[in-house]
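The next block holds one structure in the form of structure tokens; read it before the comments.
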């Protein structure tokens with residue numbers, strides 16, 4: 001098989017197999033071909049991974065942040081040297097076009113290792129607090145063994161986004177990728193060892209829904225970071241809360257993207273397309289509710305239709321391809337079901353809505369789809385679809401659109417397109433979301449915090465904020481005189 005790894009798991013610096021685990025077949029979404037066959041972690045594999053992480057962590061934490069950072073920065077260099085190889089693996093794993101993966105997947109993972117490797121020494125400093133004759137100081141200390149649970153839309157990126165800050169702060173990690181995309185994280189673990197990371201600090205185990213609870217409920221795990229769905233997030237949060245474990249989670253969204261009538265039309269349409277069709281719509285922060293001011297609605301839709309129908313759908317390994325298949329048949333069928341529901345509830349289909357011609361019929365392809373005349377009550381405007389389905393809604397004024405944009409259980413992201421920056425800042429101040437964009441969309445460089453509010457989770461990926469989530473504050477009071485006691 002074209003992408004078969006040496007074994008299913010990577011524990012304590014080496015590949016490990018246990019064929020007693022449930023079989024996981026890695027399927028190339030473009031052809032339906034089985035490209036690798038792995039096994040889910042048994043309870044014994046879970047124990048081995050956590051034991052390795054627990055054993056290795058204290059010595060790693062005792063190293064200077066500069067020394068830890070040097071290893072992470074070397075991992076970033078190796079990832080960049082092998083960007084093509086890693087990008088092709090990511091395309092096989094996810095079905096995303098090589099045109100995307102070569103600029104957005106391993107590269108963002110490398111950015112994460114480089115960034116956290118570079119800031120560890122400075123960002124982990126504490127404070128000195130003078131108290132007259134006495135004084136106190138604070139220091140940030142690692143949590144211990146951390147668990148990362150990944151999603152299938154950006155498997156390599158997520159493996160790095162969770163691993164880099166955890167390791168920079170002096171923790172160890174056990175990472176479980178999605179069973180849909182099991183391959184990329186194994187390569188990240190390999191590269192970290194090559195970069196000089198001591199064995200046991202970054203372990204990868206495969207698994208399904210039964211594996212997560214074994215990790216989350218383990219008494220030696222101090223922290224859990226999840227990227228996934230809201231229902232999964234609630235289960236993980238409840239389990240972590242029962243043991244008072246640290247937890248951060250980046251969950252789903254149904255984000256608003258607001259286009260005022262003074263916006264640059266081409267830029268706004270480009271932002272809406274990036275916020276709906278990139279990665280075949282499988283991005284949690286997508287602006288899938290596109291609110292367009294009524295005055296420009298017709299012009300917006302006409303040009304959007306032209307540009308959408310010009311998207312090149314095809315072989316993900318062809319660098320001309322702009323839209324690949326969905327990650328799995330189950331996900332494609334789910335999206336097609338939402339499209340049928342949209343039509344049944346009265347939304348107007350502008351373009352797309354089906355399976356494209358002239359592609360591999362065994363692949364899980366779907367047309368980029370645009371609905372107009374969508375109302376707030378429709379299912380496609382309320383529920384996360386996680387596919388290339390854009391809902392265009394009309395609005396008249398600012399107060400109306402802000403209220404409607406906020407009328408959702410989610411709060412991951414939002415975007416505003418307008419030539420009036422005063423209005424843009426006024427609107428984003430009112431929008432209930434964790435990550436917002438003005439006159440652009442879905443850019444998430446490692447330097448800025450990324451995360452949501454409401455049902456979209458809590459905590460932040462990236463930036464110094466992420467590093468803080470992998471540490472806790474220790475306060476030390478130093479008495480400089482004799483103790484006076486009334487006893």
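Placed from the backbone N, Cα and C atoms, the Cβ positions cover glycine too.
For 26, 27, 93, the entry in Swiss-Prot reads K(+) 1 binding site. The secondary structure of residue 26 (K(+) 1 binding site), as reduced to three states from DSSP, is extended strand.
Of all the Cβ atoms in the protein chains shown, 18 others lie within 10 Å of the Cβ of residue 179 (NAD(+) binding site). Look at Swiss-Prot and you will find 150, 151, 152, 176, 177, 178, 179, 229, 230, 231, 232, 252, 284, 384 tagged as NAD(+) binding site.
Counting every protein chain shown, the number of other Cβ atoms lying within 10 Å of the Cβ of residue 162 (active site, charge relay system) is 28. Secondary structure from DSSP puts residue 162 (active site, charge relay system) in a helix. Positions annotated as active site, charge relay system by Swiss-Prot, on the basis of sequence analysis: 162 (among others).
In sequence order, 233, 248, 249, 250, 251, 412, 451 are the residues of the chain that are 6 or more apart from residue 457 (K(+) 2 binding site) and have a CB within less than 8 Å of its CB. For 244, 454, 457, the entry in Swiss-Prot reads K(+) 2 binding site, with the evidence type sequence analysis.
Residues or ranges marked as active site, proton acceptor in Swiss-Prot: 250.
For residue 284 (NAD(+) binding site), the same-chain residues lying six or more positions away in sequence with a CB closer than 8 A to its CB are 151, 153, 227, 250, 251, 252, 253, 386, 412, 456. Annotated active site, nucleophile per Swiss-Prot: 284, in sequence order, evidence recorded as sequence analysis.
Marked as cysteine sulfenic acid (-SOH) by Swiss-Prot on the basis of sequence analysis: 284.
Annotation comment: Swiss-Prot describes 461 (among others) as active site, charge relay system, evidence class sequence analysis. Long-range C-beta contacts of residue 461 (active site, charge relay system), restricted to its own chain and to partners at least six residues apart, with a cutoff below 8 Å, comprise 161, 162, 248, 250, 449, 450, 451.
Cα separation, residue 152 (NAD(+) binding site) to residue 93 (K(+) 1 binding site), rounded: 9 Å. Note on proximity: among 150, 177, 454, the binding-site residues of the record, the Cα nearest residue 26 (K(+) 1 binding site) is that of 177. If you draw a 10 Å sphere around the CB of residue 93 (K(+) 1 binding site), it holds 30 other CB atoms from the protein chains shown.
It is 232, among the binding-site residues 26, 232, whose Cβ has the fewest other Cβ atoms within 10 Å in the structure shown. Other than the site residues 26, 27, 93, same-chain residues with C-beta atoms no more than 8 angstroms from the centre of those residues' C-beta atoms, the K(+) 1 site, are 3, 25, 28, 29, 34, 35, 36, 92, 94, 180, 181, 182, 183. Residue 179 (NAD(+) binding site) sits 27 Å from residue 454 (K(+) 2 binding site), taking the Cα positions as reference.
Looking at residue 150 (NAD(+) binding site) and residue 93 (K(+) 1 binding site), their Cα atoms lie 14 Å from each other. Considering only the binding-site residues 27, 93, 244, 454, residue 232 (NAD(+) binding site) has 454 as its nearest partner by CA-CA distance.
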